[in-house]
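Each remark here refers to the structure printed beneath this line.
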Amino acid sequence: MAPGGGGGRRDGWPARGRLLLAALLLLWTRAASGQSSPQQSVILGMRLASCNKSCGMNPDGIIFVSEGSTVNLRLYGHSLGDISSNLISFTEVDDAEAVHNSTNCLELTKDLVVQRLVNVSRGNTSGMLVVITKFLRRSENMKLYALCTRPRADGPWTRWTDKDSLLFMVEEHGRFLPLWLHILLVMVLLVLSGIFSGLNLGLMALDPMELRIVQNCGTEKERKYARKIEPIRRKGNYLLCSLLLGNVLVNTSLTILLDNLIGSGIMAVASSTIGIVIFGEILPQALCSRHGLAVGANTIVLTKVFMLLTFPLSFPISKLLDFVLGQEIRTVYNREKLMEMLKVTEPYNDLVKEELNMIQGALELRTKTVEDIMTQLHDCFMIRSDAILDFNTMSEIMESGYTRIPVFEDEQSNIVDILYVKDLAFVDPDDCTPLKTITRFYNHPVHFVFHDTKLDAMLEEFKKGKSHLAIVQKVNNEGEGDPFYEVLGLVTLEDVIEEIIKSEILDESDMYTDNRTRKRVSVKNKRDFSAFKDTDNELKVKISPQLLLAAHRFLATEVPQFSPSLMSEKILLRLLKYPDVIQELRFNEHNRYCVRHYLYTRNKPADCFVLILQGKVEVEAGKENMKFETGAFSYYGTMALSVAPPDRSPALPTPLSRSASLSYPDRNTDLTSTSLAGSNQFGSCILGQYVSDFSVRALTDLQYIKITRQQYQNGLMASRMDNSPQPTFDGCATCSENFMERPELPPVDETTTLLNERNSLLHRASEEETI
């Protein structure tokens, strides 16, 4: 077999030129195929296809293969067939330059065994030649071979002279470790790569400031971990250099071991890349980013050991970084960043909304001024300095709900004093004391602040205890004339606290939910003291508003028959203001036992309830005629207000009298209970009338409340109508007229006209329950 262009090119064309030449020769040989012998094969060139070990092309374009490998060479030519493998062999040459000196194949080598030609193309223009390389001798590490061909089986061998026909066989690098140890070492290096990569992210992400916080307020396990990590984390650059050096060293060693284990080529690159990326980067960093504290604490010994091993290199580098870059900047949050961090992390922390609002309010304290939270001057409740502290003025003060009230003179902007409600504790409204007398006596200081005062400074002033109310003012220099202080409003400690907690504080006396929006409190148990003011046209007996208020509250709270569940407070007040309900009795010193001194007489019918307001009475009760004295706020005849029908037994007994007066603290209650137990003090019922079995006689001048049974029953019906109004029926007009004709009843109001049959049934049922 003659080599096509077998004379060779001593200067060695580039690969592209050689392939082009081979293609032209192939076309030429096909054109001349009619003149060639059908048995003659022509080889134009060869290239490396594959091998089972390390192989490839060196920079000079020469094929190199490993010893003891199977190599597949792709041959190009004409009329290639199975017999062509007998026409191909290799000869050993000294070097690549000597190939060009001769074309003789003096001695064929046995180190390369040509097997066969396979996968011949349909046109017999290419095929795959299988060559087996034997192992080199111990003293040899490489050999160079040249391709030899012959035109026929008995023809002479001709050596190719170009570099494309050369083949290097190199020594195979054996494993320097046993296979099991090699695999184990690769696994250990993968683990170390993951540890260093994870620690690099986990430890460096732990801020030293955060570690100090965890040491103080973390769980017991977190505190333990933080105490271990914090000393080495303070050496930030030294730790960083040590971890990076360890990571690079481990990854480099791992790549070399994988290359030696798998062999060079695409498989070695792919396996090392996949192993390092997945097991050395992704998994450990994903783990340490979530559990860096625990991983760093449990691997602290390994970290310290490697820091010690890399000390000669990593420590100088870290010092250089400290010098060039400066000390590590730690995470410090200012006020705005801290508030934003709390807002962003709200879904993940355990702070409730109220706690978050308090923290936010406290952080904003230094950014707000008193002008932002003050109550405008025109919205403030104030009192004139020349006011008289009578019942009307004091009731107005009580209804305002404020405990500190500014006192102004001439105009509201001229605040001269502060009145505390507690200053009025010993003031009797009947004395009509001038307000100036009280303010001059206590002389509370008036605290003024400027409108641009920050809330934190205002809070510090309030904490000093001087005052919990301050007058907000500013310097007004607008227009012509000298500047002057202009009062803008009031600010209190409550306003500052509300701004801190970001919520309104409502106590039992507040009338507004917000002093800026002036939104009123929706539901308040507000006491209207104006109803107790002096009305001479309603009361025949002169009684002070304070005593009327005390009697009203005593009946509503201490006497079950007048409790708000039975009789509304509004109806009770009307009842007390009705003519002849509040009466006076002048005591006759010359005739102590005259008939008019007796409010109740034993064994005589009575249809009224009596509450002593002022004075003393003597009560005689029981079979033993036990006598004792009582005073103000003792009451009698509760059973007379509702008497059981004749066909019904009396109700369960209730005490004949009770006293809420503090004037008799030394009353002998044992004697009272003994005397009451010894007699039938509850009276009896004869044909629907209440008959008292005790006597009550005046000992001094008396002022007392006397409510008849009919007045009480009318009050109950009016209360029911107020609570549940009923539609008007035809018969109600007649009932209202009869109700008006009774002289002892109070004036008929609009609810009385709504009485109907249903009210009558309710009235009878109420009488039975009361009895």
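FYI, residue positions are counted from 1 along the chain as it appears here.
Backbone N, Cα and C atoms are what each Cβ position is placed from, and that goes for glycine too.
Taken from Swiss-Prot, the feature domain 'CBS 2' applies to 442-508.
Proximity of distant same-chain residues to the intramembrane segment (238-258), defined by a Cβ-Cβ separation under 8 Å and at least 6 residues beyond the stretch ends, is recorded for 182, 185-186, 189-190, 192-193, 196-197, 199-200, 203-204, 232, 268, 271-272, 275-276, 280, 303, 306-307, 310, 313-315, 317-318, 321. The annotation intramembrane segment is assigned in Swiss-Prot to 238-258 on the grounds of sequence analysis.
According to Swiss-Prot, the phosphoserine annotation covers S657 (among others).
Residues or ranges marked as phosphoserine by Swiss-Prot: S661 (among others).
According to Swiss-Prot, the phosphoserine annotation covers S766 (among others), on the basis of a large-scale study or a structure entry.
With a threshold of 8 Å between CB atoms, the same-chain residues lying at least 6 positions outside the topological domain 'Cytoplasmic' (197-237) that come near it are 243-244, 247, 280-281, 284-285, 287-289, 291-297, 299-300, 303-304, 307, 317-319, 321-322, 325, 328, 330-332. Marked as topological domain 'Cytoplasmic' by Swiss-Prot on the basis of sequence analysis: 197-237 (among others).
Taken from Swiss-Prot, the feature topological domain 'Cytoplasmic' covers 314-771 (among others), and the record attributes it to sequence analysis.
Residues 243-244, 246-247, 250-251, 253-254, 257-258, 260-261, 275-276, 279-281, 283-284, 299, 302, 306 of the same chain lie 6 or more positions beyond the ends of the transmembrane segment (176-196) yet place their CB under 8 Å from a CB of it. Residues or ranges marked as transmembrane segment by Swiss-Prot: 176-196 (among others).
Taking Cβ pairs closer than 8 Å, the transmembrane segment (262-282) reaches residues 53-54, 186, 190-191, 193-194, 197, 250-251, 254-255 in its own chain, all 6 or more past its ends. Per Swiss-Prot, transmembrane segment is recorded for 262-282 (among others).
Here the transmembrane segment (291-313) has Cβ contacts under 8 Å with residues 195-196, 198-199, 201-203, 205-206, 214, 222, 224-226, 228-229, 232, 238-239, 241-243, 245-246 of the same chain, all six or more residues outside its ends. Residues or ranges marked as transmembrane segment in Swiss-Prot: 291-313 (among others).
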Per-state residue totals over the topological domain 'Cytoplasmic' (197-237) - DSSP helix, strand, coil: 35 helix, 0 strand, 6 coil
